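Colleague: According to TrEMBL, the compositional bias 'Low complexity' annotation covers 24-33, 66-76. Residues annotated as compositional bias 'Polar residues' in TrEMBL: 39-49. Feature annotation from TrEMBL assigns domain 'TM2' to 123-171, 200-241, 260-308, 335-376. Sequence annotations record features per position, and here TrEMBL assigns region 'Disordered' to 9-76. Among the features that TrEMBL reports, transmembrane segment is placed at 129-146, 152-171, 200-217, 223-243, 290-315, 335-352, 358-377.
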Amino acid sequence: MSVCQYRTLARMSTEKETLQRRSQPVPGEQQAPPAQPPSGFTPNPQGANPNGHLPPPLHGANLPSQPQNLPQGGYQQQPQYIYPQVPQYVLPQNPSLSQQPPTGYIPYNLNHPVMFCPTPAPKKSILEAYLLLIVLGLFGGHHFYLRRPVWGILYFFSFGLLGAGWLIDIFRLPVLVSRCNNDASQQNPNLAKKKHLDDAYVLWFPGGFLGLHHFYLNNIGLGVLYLFTFGLFGVGWLIDACLMPYHVKKANSNIPDCIEKSTAATCILAVSPAGLLGAHHYYLNRIGFGLLYTFTFGIFGVGYIVDWCRFPILLKRYNKSKETGHTSHKHLDDAYLLWFPLGFLGFHHFYLNRPVWGLLYMFTFGLLGIGWLIDLCRMWKLVENCNKEIDERVHLTRNNRSVANPNYIQGQYYGNMPTTTVRGHVPVSYGQFGPCPPGYSNPNPGIYPTQQNGELTKTIGYGAVHGMNEQPPPYEAASIPTKGH
């Protein structure tokens, strides 16, 4: 019950007691005669309530209808207590008023979207952060306080990065506190994913030998490689001291790694001892050279040293091939690298798609060394001829596809084209795909009539003669005699 209801009941009980006290006669005081009812009023029967209804008799009692043996003074009826009636609420008769909210209340719109304003996180105090740094800094207490639980766990299990991270945090703690307060005030989830240069350098020394800075910068592959090679035997760890700003910038950029390879990663893999096993070639999707470096220990160290200078060229070549989609060209530097010292076994001929010459060099030890010396001077011509053959093969394939499919678009794959005769059509490899009957040949290779919208048009394919303005007459199939005629 509410306070108002309690007060109402208390007031009613007080009034009831007052009325009872007034109704009792005072000793020695003459009582006033009872009030006479007005004319036309019938008094209530004995024992009836104010509503005119008799009370029910007690259970098992046989009460007389009229009191007997009353005193001479007569029966004096005690005044009946009338409880105050509480006015009942009556609904308004106007239906329009019942639908309107009471005055003073603002109507609530259920369709209005509810917007919850998040309570900003409390700001961190630099004094409290320094207190935690001094007392529990080796166990990451200040990082837990600054909402950096991963760093706190790392400090807890590494004893503050062997004390080096704890010492550096003494000088950079104001920056960490300011960064924490800014992130809490802006409520931007992308700020939590941003990488910072100071954090990367803290992980680089001394955890860089285990690749902790690469794990922090989402370079999982390099992190695992550093973990098992102790920072690429220390060489990659030293290189990262200079390339750390680049690593952080790349980690915060939106360039996907599947499109463009990193210059820093290529440099680290090429210069580090992992380059002896062809790690940079595997990274640039040069699987053949990677396997060759793995089994020849970087082609006996010569290719490993040469790649120190040419790794930017390899990286540029890879990124360009990803843009153009053409990766089958041969390169002079790769051919010379295979010529020495594996040229006696014909490795440069195998690379230039000359397997017969490669086998010949392998079994004759480079034609007794004479062919190996001659190839030193004619290597550029061999590479040029090989690339010409590749271009011609690519041009032939694209041209034949355009003949079979007039809507062919360069660079789009359409699947394998038919190369056999189907219902009298000439094979695509001949440069013709027209309606030619069996046993007949096309007098003009590459030109054949096609009918579109009732008109004959000329289609030019591989081997076509350019400059012909007149369309040859359509082919007519000769009647083939049958037996008995």
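Any Cβ shown, glycine's included, is placed from N, Cα and C.
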Colleague: With the domain 'TM2' (123-171) as the reference, which stretch in 200-241, 260-308, 335-376 has the largest tally of C-beta pairs below 8 Å?
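Modeller: Highest pair count goes to 200-241.
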Colleague: Do any residues, 6 or more residues outside the transmembrane segment (358-377), come within under 8 Å Cβ-to-Cβ of it, and if so which ones?
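Modeller: The answer is 339, 343-350.
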Colleague: How do the residues of the domain 'TM2' (335-376) split into helix, strand and coil according to DSSP?
Modeller: 35 helix, 0 strand, 7 coil
Colleague: Can you work out which residues elsewhere in the same chain, 6+ from the ends of the transmembrane segment (290-315), have a Cβ less than 8 Å from its Cβ atoms?
Modeller: 261, 263, 266-267, 270-271, 275-282, 284, 333, 337-338, 340-342
Colleague: With DSSP as the yardstick, break the domain 'TM2' (200-241) down into helix, strand and coil residue counts.
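Modeller: Going by DSSP assignments, the domain 'TM2' (200-241) contains 35 helix, 0 strand, 7 coil.
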Colleague: Using DSSP, how many residues of the domain 'TM2' (123-171) fall into helix, strand and coil, respectively?
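Modeller: So the domain 'TM2' (123-171) is made up of 41 helix, 0 strand, 8 coil.
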